[in-house]
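S.K.: According to TrEMBL, the record shows the following:
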ACT_SITE  243  active site, nucleophile
ACT_SITE  325  active site
ACT_SITE  327  active site
BINDING   45, 216, 218, 244, 247, 285, 287, 288  L-glutamine binding site
DOMAIN    2-122  domain 'Carbamoyl-phosphate synthase small subunit N-terminal'
REGION    1-167  region 'CPSase'
Ligand SMILES: NC(=O)CC[C@H](N)C(=O)O
């Protein structure tokens with residue numbers, strides 16, 4: 001049997017069954033999602049993280065590329081109670097270490113108590129506990145990945161849906177999921193995808209109807225150029241954001257963000273809309289949150305479990321952002337109307353008051 005060791009910050013080492021060999025280090029997190037492993041594993045927001053599935057069986061409906069959110073696997077390693085051959089083959093082909101037959105209840109309990117933490121992993125025929133501890137030793141804190149955007153963004157701008165006659169969206173790719181672009185294209189938008197460090201002049205050149213900041217990995221304060229874009233555009237151009245995008249918008253407009261203990265990762269996070277009183281189910285994957293929205297923004301939706309901000313609107317500016325993933329890949333489709341609201345805001349057809357689906 002291939003050996004597998006998982007070393008957690010503080011020195012706790014767990015043993016499992018090695019399924020795909022290699023060494024890895026990263027911030028260990030868990031998701032409670034029971035489906036959507038292809039989407040999660042290709043979500044760029046998981047860059048530099050090690051993903052633990054708390055659901056015990058992962059891979060039971062195979063692996064299909066059309067469900068991928070990006071062209072590669074982003075977590076540095078994958079842990080589960082039981083991984084199917086399909087998933088293991090896929091991870092092995094991408095050189096991503098995989099471990100199963102692990103007591104994931106123990107891993108999740110450690111993360112819940114200690115927070116998302118540094119982790120080192122060693123999988124292979126002759127690896128030892130020391131190899132995993134050596135990886136842990138070299139693991140950086142997530143906030144120290146100061147140029148993580150470069151690892152996940154497009155290198156050059158690209159345009160999708162040029163023939164569409166809807167709104168023109170400038171999407172700042174901080175690690176955007178493919179289904180965000182798809183959701184906008186389906187609504188007839190033209191989407192200019194820009195690198196995470198695009199300049200004001202780059203974006204201005206396409207005359208956007210809305211500046212849209214994507215999801216992405218790591219600490220929002222490490223996306224200084226995207227923060228500057230929001231500051232530069234917000235007075236004259238509507239602004240939208242998803243997940244990291246919400247955090248960047250808050251940082252730009254006088255609010256603040258902070259790291260959560262273990263974050264929200266799963267496909268059934270309940271969100272309350274404060275105006276309508278409706279609760280919707282959402283897909284989430286984040287470890288930071290908006291702490292204070294600041295004087296230009298108001299919180300319109302909150303997480304039912306812990307009251308953290310899930311939706312934010314501009315007070316005097318046209319701004320709408322979501323902390324969850326309205327594009328719903330994977331996950332419930334309760335929140336797809338966010339894209340209609342963003343494009344209505346972009347066209348001046350509506351103000352920024354977004355409400356969840358009304359059934
Ligand atoms: N999905 C995301 O955009 C994640 C945002 C950010 N990296 C966080 O962990 O909070």
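Cβ from N, Cα, C; glycine included.
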S.K.: Looking only at Cβ atoms, how many others are within 10 Å of the one on residue 218 (L-glutamine binding site)?
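M.R.: Result for residue 218 (L-glutamine binding site): 27 other Cβ atoms within 10 Å.
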S.K.: Whole number in angstrom, please: the longest C-alpha to C-alpha distance across 45, 216, 218, 244, 247, 285, 287, 288 for L-glutamine.
M.R.: 13
S.K.: Given a separation of at least six residues and a C-beta threshold under 8 Å, show me what packs close to residue 285 (L-glutamine binding site) in the same chain.
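M.R.: Non-local contacts for residue 285 (L-glutamine binding site): 31, 40, 43, 45, 46, 215, 243, 263, 264, 265, 325.
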S.K.: Hey, for the L-glutamine site built from 45, 216, 218, 244, 247, 285, 287, 288, who else sits with CB inside 8 A of the CB center?
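M.R.: Residues close to the L-glutamine site, other than 45, 216, 218, 244, 247, 285, 287, 288: 215, 217, 219, 220, 243, 286.
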S.K.: Please report the three-state DSSP label of residue 327 (active site).
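M.R.: Reduced to three states, the DSSP call for residue 327 (active site) is coil.
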S.K.: Counting across all protein chains shown, how many other Cβ atoms sit within 10 Å of the Cβ of residue 327 (active site)?
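M.R.: Residue 327 (active site): 26 neighbouring Cβ atoms within 10 Å.
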S.K.: In whole Å, how far is residue 327 (active site) from residue 288 (L-glutamine binding site) when you measure between their Cα atoms?
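M.R.: Rounded to the nearest whole number, the Cα-Cα distance is 19 Å.
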S.K.: Report the recorded positions (244, 325, 327) that meet this criterion: Cβ distance to the nearest atom of ligand 1 under 6 Å. Use sequence order and write none if nothing qualifies.
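M.R.: With ligand 1 as the reference and 6 Å as the Cβ limit, the list reads 244.
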S.K.: Pick from 45, 247: which of these binding-site residues has the biggest number of other Cβ atoms within 10 Å of its Cβ?
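M.R.: The most densely surrounded of these binding-site residues is 247.
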S.K.: Would you mind pulling the DSSP three-state label for residue 285 (L-glutamine binding site)?
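M.R.: DSSP call for residue 285 (L-glutamine binding site): strand.
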